[in-house]
Amino acid sequence: MGIFSIANQHIRFAVKLATAIVLALFVGFHFQLETPRWAVLTAAIVAAGPAFAAGGEPYSGAIRYRGFLRIIGTFIGCIAGLVIIIAMIRAPLLMILVCCIWAGFCTWISSLVRIENSYAWGLAGYTALIIVITIQPEPLLTPQFAVERCSEIVIGIVCAIMADLLFSPRSIKQEVDRELESLLVAQYQLMQLCIKHGDGEVVDKAWGDLVRRTTALQGMRSNLNMESSRWARANRRLKAINTLSLTLITQSCETYLIQNTRPELITDTFREFFDTPVETAQDVHKQLKRLRRVIAWTGERETPVTIYSWVAAATRYQLLKRGVISNTKINATEEEILQGEPEVKVESAERHHAMVNFWRTTLSCILGTLFWLWTGWTSGSGAMVMIAVVTSLAMRLPNPRMVAIDFIYGTLAALPLGLLYFLVIIPNTQQSMLLLCISLAVLGFFLGIEVQKRRLGSMGALASTINIIVLDNPMTFHFSQFLDSALGQIVGCVLAFTVILLVRDKSRDRTGRVLLNQFVFAAVSAMTTNVARRKENHLPALYQQLFLLMNKFPGDLPKFRLALTMIIAHQRLRDAPIPVNEDLSAFHRQMRRTADHVISARSDDKRRRYFGQLLEELEIYQEKLRIWQAPPQVTEPVHRLAGMLHKYQHALTDS
């Protein structure tokens, strides 16, 4: 396919984007808005953003959800801007500096919350800055400007949603159904690999792929939830399926690890049974029926606990899968499964990374302020806005540098494109609303195609072009003002890119160590006799951390294996029959405090000291278990955990 070719699957979204732009333009001028440009720009960004992220037409609900986040972010930013202006209107410089800190603060929060919701906080940061900068000539018009900006943005969002609904958005339900079938087959094949106990690298690749696919399925669940309320029952089932899928991975990998020391636990009966190849979900269904008969025949005591738990989880997975596909009413058996343990939310391991993002955004905005005041350039304010936009939106993404480059390319492409519209097209079409709409529809159509291809600079070009062409009411054509706006965008993006390069993010190793220590804490905290604590479901949170670790350190198998071993230890200790008495309960609390100190320690020396203390406490704990005559189901996992921590103590404590 050539660079300028148009694929059939890209046409529908391109028409959808063009329609959103035209609707926003028409409504903006019809209601005599002062700057319809904001409505058009909002419609374009809300519609095109999910398409750029997805690399194609977004699924149903994605545009609505992004629009909802944009409304929330805009209102938070407007309120913050009004508060800052009211409090500091007599000190303009201090007011702008506080706005720069506010933008950094919002970026810091956006780095800690769920990535789907980070967009709202990034938007809140630069919206306040836009308001403060824009009202500098006439500060008394602040409330009016804030209300107008909110109105224009809401109109743009409504137009984007209307265009999305008009062109029948894609439903993700069929993709979810197919993935559920395929994932079950992959889970069975992973168990086959683990029972064969073959090449470790093949097993590592298999479970790593399954972790990614399970995480992707969770993302599909979020999309399905946004799509329509009629999928509420399917959404509940999918949430439980996420935990079941992670349980299947854990039990399979534990089966593999057990055979490193005690291969005799997996009898020939089960080895022969799992030799039968499977290709479809129907094959897995038949095998599971046979496997349940085998377990009923051999008895629970003669069945390895990992295989028994795996079969139970796979059976529940199958039951819920059928319910998701049919979307029927939840029956009593399913309700019992869905009334599972409450999920635990863990503290973010990226606090240092979030602080780096805070300083990047704050310093770049302050640098823009100094540049504006030093040069006295009329478009210095425009440069500041672009700095805030780039840093606020780029920081949460995996590669902020490439996002900044995308904006630079986009603003450079917007200069000749905007020049064509400013000098030729708009002056010749402003007398006809139809021609003006057609001209912008053409722009939206072709850039909509490029956005779906994720062409470098396409998203930035779309937003920057709309931002600099004259879409005000009434239209005025001042070439110097156009040129200043275009150059201001470019300078702002370059300054933001410079700050991103200068303020290096060296938090990766620290984040990795914090993640590993959080796995240790989870394993230690599983040693408890508290009934409520034992019922807590840590598995989704632990695998979410593992997924983050895999993204931060691609290809680092020792780290992945260590993390997975800690997850397995947590699950085994959580179900272990620990003797209930006050002596052990008090020692459990002491070990949790020590493990927490390991995570929160700010220096390597303190971390090593607390980690050494934790190892000593584990030795004492093993002695206590012997005194209280704990069964092997307790002593063996604790012994394995202590051995793992001794083996990897340098990786868990050194920066």
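Counting starts with 1 at the first residue shown.
Even glycines carry a Cβ here, placed using N, Cα and C.
In Swiss-Prot this protein carries:
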- 13-33: transmembrane segment (TRANSMEM)
- 38-58: transmembrane segment (TRANSMEM)
- 69-89: transmembrane segment (TRANSMEM)
- 93-113: transmembrane segment (TRANSMEM)
- 121-141: transmembrane segment (TRANSMEM)
- 152-172: transmembrane segment (TRANSMEM)
- 370-390: transmembrane segment (TRANSMEM)
- 407-427: transmembrane segment (TRANSMEM)
- 431-451: transmembrane segment (TRANSMEM)
- 459-479: transmembrane segment (TRANSMEM)
- 482-502: transmembrane segment (TRANSMEM)
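With a cut-off of 8 Å between Cβ atoms, the residues of this chain six or more beyond the transmembrane segment (152-172) that come close are 12-13, 15-17, 19-20, 23-24, 27-28, 31, 33, 35-36, 38-43, 46-47, 57-61, 63-64, 67, 70-71, 74, 220, 223-224, 227. If you count C-beta pairs under 8 angstroms between the transmembrane segment (482-502) and each of 13-33, 38-58, 370-390, 407-427, 431-451, the highest count goes to 370-390. Remote same-chain residues near the transmembrane segment (431-451) are listed as 6, 10-11, 13-22, 25-26, 29, 40, 44, 48, 51-52, 417, 421, 425, 458-459, 461-462, 465-466 (criterion: CB distance under 8 Å, separation of at least six residues from the stretch ends). Counting only same-chain residues 6+ beyond the ends of the transmembrane segment (38-58), those with a CB under 8 A from a CB of the stretch are 9-10, 12-13, 16-17, 20-21, 23-25, 27-28, 66-67, 70, 119, 149, 152-153, 155-157, 159-160, 163-164, 169-170, 440, 444, 447-448, 451-454, 458-459, 462-463, 466-467, 471. Beyond its flanks by at least six residues, the transmembrane segment (370-390) meets 93, 103, 125-126, 129-130, 133-134, 136, 361, 364, 403-404, 407, 411, 481, 484-485, 487-489, 491-493, 495-497, 499 of its own chain at Cβ-Cβ distances under 8 Å. Remote same-chain residues near the transmembrane segment (13-33) are listed as 39-40, 42-44, 46-48, 51, 56-58, 148, 151-152, 155-156, 159-160, 162-164, 166-167, 433, 436-437, 440-449, 451-452, 466, 471, 473 (criterion: CB distance under 8 Å, separation of at least six residues from the stretch ends).
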